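Participant: Here it is: the structure, laid out below.
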Amino acid sequence: MSEQLLTASTSIDAAPLSDNTVQTTAPATSKINLLDLNRQQMREFFAEMGEKPFRADQVMKWMYHYCYDDFEQMTDINKGLRAKLQRVAEIRAPEVAEEQRSVDGTIKWAIKVGDQQVETVYIPEADRATLCVSSQVGCALECKFCSTAQQGFNRNLRVSEIIGQVWRAAKIIGSLKSTGTRPITNVVMMGMGEPLLNLNNVVPAMDIMMDDFGFGLSKRRVTLSTSGVVPALDKLGDMIDVALAISLHAPTDDIRDEIVPINRKYNIETFLAAVRRYLDKSKANGGRVTVEYVMLDHINDSTEQAHQLAECLKDTPCKINLIPWNPFPGAPYGRSSNSRVDRFSKVLMEYGFTTIVRKTRGDDIDAACGQLAGEVIDRTKRTLKKKMAGEPIAIKTV
C-alpha cells in the first residue's frame, strides 16, 4: 500500500461491544453521508445508483486526498453523476467548535458531534505529526487518573464522526502548509473513549485511514489503544491489522483493579494473553506491542513495582512508554518526580526493555494524555462531582 501524507492537496456493560447495535445519533439529513462508508460500502452505494465501481474510487480520492466536500469541485466526475450525488448524498464532517494552540505547536480542537463535543489533538514532531482521535463521547471504563472517564459515557461515535476528525484536521493542516506545518503522518485512537467498545464504527474508520483511496496510511502508522476489553481485542484481530498499544498502568492486579477498573473483569494475565494472540496474527506491530504506563506518584512508580512490571511483561514482546501523569481538577493523584521516573526507567532497561519516557505535549491547553474531556451528557450519571461526594476513591501508596 502506498503511503500518502494527509494534506488538503459506564461500566463496561453500559457500552456494549457493538456486535449488533451501534450507538449513534440520527443523521441530520436524509442524505447518505459518504464519510460513513468505507470503499466496499461506497462501491455498493454507487452500484445501487447504476454506476461503476471506479466512480466510487474517484469520489473517495477527491474526498480524502484533497479534502473536498463539494461534488461540483470534482472535475473528473460527469455532470450527471454530480447532480445525482447532490440529490442523494453529502460529505459532512463534524465542525470545529474551538481551537487552542500550545506553545509547543500542539493544536487541540473541540469537535461538535450533535449537541456535544469530543476533542482531537494534533502533535507535531521533528520527523512526524500525530493526530490523536476520539472514538466515543465520554468513556465507560472509569480509569481513575483520566479526565475523560470522569465525564461519564454518552454514546459511540459514527464512522463519519471518527474519520471526520481526521478529515477536518487534514483540511486545516493543509491550509497551514505554507507556514511549514507538518502534514499528518500517524493516527492514534487514543482520544476520548475506549475504541474496542465501538468496533463497528472504529474498524471502518481505520480502514479508510489505510485505504489507498482514503488517507493511504501504512498499517504501522495507525494505532489503536485499549485498556483491555479482551473479547473485543480477540475480535479486532479477525477484522483488521493495525498497531496496538495497551493501557497497562500497573504491574499487579491489586493496583490495576483500583486505577483501571476493567481489570476486575479481565485481569492482567488474561489481558496480556489476548495481546499475544493479537500479535501472533498481526504484521503491523513488528512482533511487539506498545505498553503505556502512566506514572502516578507513590501509587505505581516504585523500583519494586518496576521489577514487578518487568516480571509481568517477560513473556510479552513490547516496548514501554512511561507517561508523566497530567493533572486535571479534582484528581487525587500527583505526578511522579523525575527522579522516581528515572529510577523506574533504569530498572526496566536493565531487564532489556526498550523504555521511553514520553515528553508531555500540549499540557498548557489541557491536550496532554489523560486530559481530554470535551462536553459530555453523562448517560451513566457518573460525574466527578458525584464521585467525590459519594464514592471516595481508595488509593494505595508505595
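From the backbone N, Cα and C atoms, a Cβ is placed for every residue, glycine too.
Sharing the feature lines straight out of Swiss-Prot:
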ACT_SITE  Glu119  active site, proton acceptor
DOMAIN    125-364  domain 'Radical SAM core'
DISULFID  Cys132-Cys369  disulfide bond
BINDING   Cys139, Cys143, Cys146  [4Fe-4S] cluster binding site
BINDING   Gly193, Glu194, Ser225, Ser247, Leu248, His249, Asn326  S-adenosyl-L-methionine binding site
ACT_SITE  Cys369  active site, S-methylcysteine intermediate
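How buried are these features, and what lies next to them?
Facilitator: Other Cβ atoms within 10 Å of the Cβ of Glu119 (active site, proton acceptor) number 26 in total over all chains.
When averaged over the domain 'Radical SAM core' (125-364), pLDDT in the model lands at 94.
Contacts of Cys139 ([4Fe-4S] cluster binding site) defined by a Cβ separation under 8 A and a same-chain sequence distance of 6+ are given as Cys146, Thr148, Ala149, Gln151, Phe153, Met192, Gly193, Glu194, in order along the sequence. In the three-state DSSP scheme, Cys139 ([4Fe-4S] cluster binding site) is classed as coil.
Listed in sequence order, Arg256, Ile268, Phe271, Val291, Glu292, Tyr293, Leu309 are the same-chain residues six or more apart from Leu248 (S-adenosyl-L-methionine binding site) with CB atoms under 8 A from its CB. Annotation note: Leu248 (S-adenosyl-L-methionine binding site) sits in a coil segment as assigned by DSSP.
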Participant: Determine, using Cα-Cα distances only, which of these recorded positions is closest to Cys143 ([4Fe-4S] cluster binding site): Glu119, Ser225, Ser247.
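Facilitator: Answer for the nearest of the recorded positions: Ser247.
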Participant: Cα within 10 Å of Cys132 (disulfide bond): which of the recorded positions Glu119, Ser247, Asn326 qualify?
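Facilitator: The recorded positions close to Cys132 (disulfide bond) (Cα within 10 Å), listed in sequence order, are Glu119.
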Participant: Looking at S-adenosyl-L-methionine and its recorded binding residues Gly193, Glu194, Ser225, Ser247, Leu248, His249, Asn326, figure out the farthest C-alpha pair and report it in angstrom, whole number.
Facilitator: 19
Participant: Give me the long-range Cβ neighbours of His249 (S-adenosyl-L-methionine binding site): same chain, 6+ apart, Cβ under 8 Å, in sequence order.
Facilitator: Cys143, Phe145, Arg256, Ile259, Val260, Glu292, Tyr293, Val294, Leu296, Asn300
